[in-house]
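See structure below.
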Amino acid sequence: MLLPAPALRRALLSRPWTGAGLRWKHTSSLKVANEPVLAFTQGSPERDALQKALKDLKGRMEAIPCVVGDEEVWTSDVQYQVSPFNHGHKVAKFCYADKSLLNKAIEAALAARKEWDLKPIADRAQIFLKAADMLSGPRRAEILAKTMVGQGKTVIQAEIDAAAELIDFFRFNAKYAVELEGQQPISVPPSTNSTVYRGLEGFVAAISPFNFTAIGGNLAGAPALMGNVVLWKPSDTAMLASYAVYRILREAGLPPNIIQFVPADGPLFGDTVTSSEHLCGINFTGSVPTFKHLWKQVAQNLDRFHTFPRLAGECGGKNFHFVHRSADVESVVSGTLRSAFEYGGQKCSACSRLYVPHSLWPQIKGRLLEEHSRIKVGDPAEDFGTFFSAVIDAKSFARIKKWLEHARSSPSLTILAGGKCDDSVGYFVEPCIVESKDPQEPIMKEEIFGPVLSVYVYPDDKYKETLQLVDSTTSYGLTGAVFSQDKDVVQEATKVLRNAAGNFYINDKSTGSIVGQQPFGGARASGTNDKPGGPHYILRWTSPQVIKETHKPLGDWSYAYMQ
């Protein structure tokens, strides 16, 4: 693990060099590994701890304030977060920050910025490493239970998100930040050159989604690690878990005012931060229309900013599984069911369109329907046999229901399985498989963000044309997968689909990226592809300064050729 902060700091500040043209030597290294995903088998200690945490949350509502300037603040605009699978259970009571409070948060953040930016990276890294250790150990059951109850995740989906991925973000970002300090320019005597990785000048607005607790922690945490101050607007439907992450960071040693925790109405928050002259960045995950609107607001206000704001955004996708006739059928079926229906299809990377060759369709269809009948949808807190639970809220339920009604009425579409909806207790939608005769049907093109898988069956001899179709059908470019045992086909698909997916999988499902292994993100309408989880992501949140110090005075202003 990491050296103690004083020792690491000394190591970072003592980069020896000898001779012309040699780079500074990085004398310290932080070794980290991906957090193991726990199994939660019957009788295991992690399962017992989680069940106790779930029991403690049953019927309970937590009061969550805005936290501005190290002060807990309540406004009159009270909101509630309900459990998706039991909307009669209010899991959190919180309030929206008004414009005045948001401006106060900006002022408090700016007042803390210089001191935080000057803090050695080793000290900042230690805070996030401690938070990761807390999440890995004593706070694991709490964050999992709050993610399950508040966001409707099953135990494994909560585990790979709120525990493993969030822990990995904190640890790997710390590793990358420490190593970045060692990336220095060459020095040629009589001069010494160095780079200082400063935070951005101003504040960063972090706007996080409901579907991953880890994303919220990273959107706010990564800029803070790099010396920035942050206004964090968490999702209304992930408030319970987001506040737990914030509290853990504070308990791990994050000073007050570095991250302001400000639930707020989305448009008001966007208007307020983009009208501030001190905005220096927006770190966003959410919908394409919202990100475009924020981008336009920044452009309209460009003349007032002290610096050009950095915009990083991840906006979803219409992700594909392309199947060649040489594919392994069981791999296709299992991977597609997981990708399309885990967490109710509410992952940015979820498979939403499946392209199958005619020769394999009878076999794949039969296996999909057979396995579909075994999928259990229910209460993940009471029944650990649940594969996925309710969708996040009434708005999402209504949108998905509208798509299912479209599937029933369109002459080009046939519902093969599922598609029933029931919001009497929770926002439940059955996993639905739809076959489309038209590859350009809207259900094959537009993001649904629910448990709906659309299938197009193509002629075997048209696989190259179908690859072109996959590439051109949607405006997105987030994730995709190709299933084939033919290396030539894989090579062809990789070329044709080069820009169709920022995360491209061969004989594997389109979901499940792991920090440090598959940095995540896509281009086109899917976002700015800054690849959180990778070593380059933190560069978005630093403004490097290069310093040259000359050790031999310049004795004469004139040049030799002038003599």
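Cβ atoms are placed via backbone N, Cα and C, with glycine included.
Since the structure is predicted, the reported quantities are computational estimates derived from the model, not experimental observations.
These come from Swiss-Prot:
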{"type": "ACT_SITE", "residues": "GLU314", "note": "active site, proton acceptor"}
{"type": "ACT_SITE", "residues": "CYS348", "note": "active site, nucleophile"}
{"type": "BINDING", "residues": "SER208, LYS233, GLY286, SER287, VAL288, PRO289, THR290, GLU447", "note": "NAD(+) binding site"}
{"type": "MOD_RES", "residues": "LYS52", "note": "N6-acetyllysine"}
{"type": "MOD_RES", "residues": "LYS93", "note": "N6-succinyllysine"}
{"type": "MOD_RES", "residues": "LYS93", "note": "N6-acetyllysine"}
{"type": "MOD_RES", "residues": "LYS114", "note": "N6-succinyllysine"}
{"type": "MOD_RES", "residues": "LYS114", "note": "N6-acetyllysine"}
{"type": "MOD_RES", "residues": "LYS130", "note": "N6-acetyllysine"}
{"type": "MOD_RES", "residues": "LYS130", "note": "N6-succinyllysine"}
{"type": "MOD_RES", "residues": "LYS175", "note": "N6-acetyllysine"}
{"type": "MOD_RES", "residues": "LYS318", "note": "N6-acetyllysine"}
{"type": "MOD_RES", "residues": "LYS365", "note": "N6-acetyllysine"}
{"type": "MOD_RES", "residues": "LYS509", "note": "N6-succinyllysine"}
{"type": "MOD_RES", "residues": "LYS531", "note": "N6-acetyllysine"}
{"type": "TRANSIT", "residues": "1-24", "note": "transit peptide"}
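Structural mapping of features recorded in Swiss-Prot.
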{"residue": "LYS93", "record": "N6-succinyllysine", "DSSP class": "strand"}
{"residue": "LYS114", "record": "N6-succinyllysine", "DSSP class": "helix"}
{"residue": "LYS175", "record": "N6-acetyllysine", "DSSP class": "helix"}
{"residue": "SER208", "record": "NAD(+) binding site", "DSSP class": "coil"}
{"residue": "LYS233", "record": "NAD(+) binding site", "DSSP class": "strand"}
{"residue": "SER287", "record": "NAD(+) binding site", "DSSP class": "coil"}
{"residue": "LYS365", "record": "N6-acetyllysine", "DSSP class": "helix"}
{"residue": "GLU447", "record": "NAD(+) binding site", "DSSP class": "coil"}
{"residue": "LYS531", "record": "N6-acetyllysine", "DSSP class": "coil"}
Integer Cα-Cα distance in angstrom, LYS233 (NAD(+) binding site) to LYS318 (N6-acetyllysine): 26
Neighbouring C-beta atoms (10 Å sphere around the C-beta of GLU447 (NAD(+) binding site)): 22
Largest CA-to-CA spread of NAD(+) binders SER208, LYS233, GLY286, SER287, VAL288, PRO289, THR290, GLU447, angstrom: 24
For THR290 (NAD(+) binding site), the one of LYS52, LYS93, LYS114, LYS531 that lies nearest, given that the modified residues are compared by Cα: LYS531
LYS130 (N6-acetyllysine) - helix vs strand vs coil (DSSP): helix
In the chain carrying LYS365 (N6-acetyllysine), residues 6 or more apart in sequence that have Cβ under 8 angstroms from it: VAL356, LEU416
LYS175 (N6-acetyllysine) and VAL288 (NAD(+) binding site), distance between Cα atoms, whole Å: 31
Rounded Cα separation (Å) that holds between PRO289 (NAD(+) binding site) and GLU314 (active site, proton acceptor): 12
Cα distance (Å, whole number) from the residue listed as 'active site, proton acceptor' to LYS509 (N6-succinyllysine): 20
Most Cβ neighbours inside 10 Å, all chains, among the binding-site residues GLY286, PRO289: GLY286
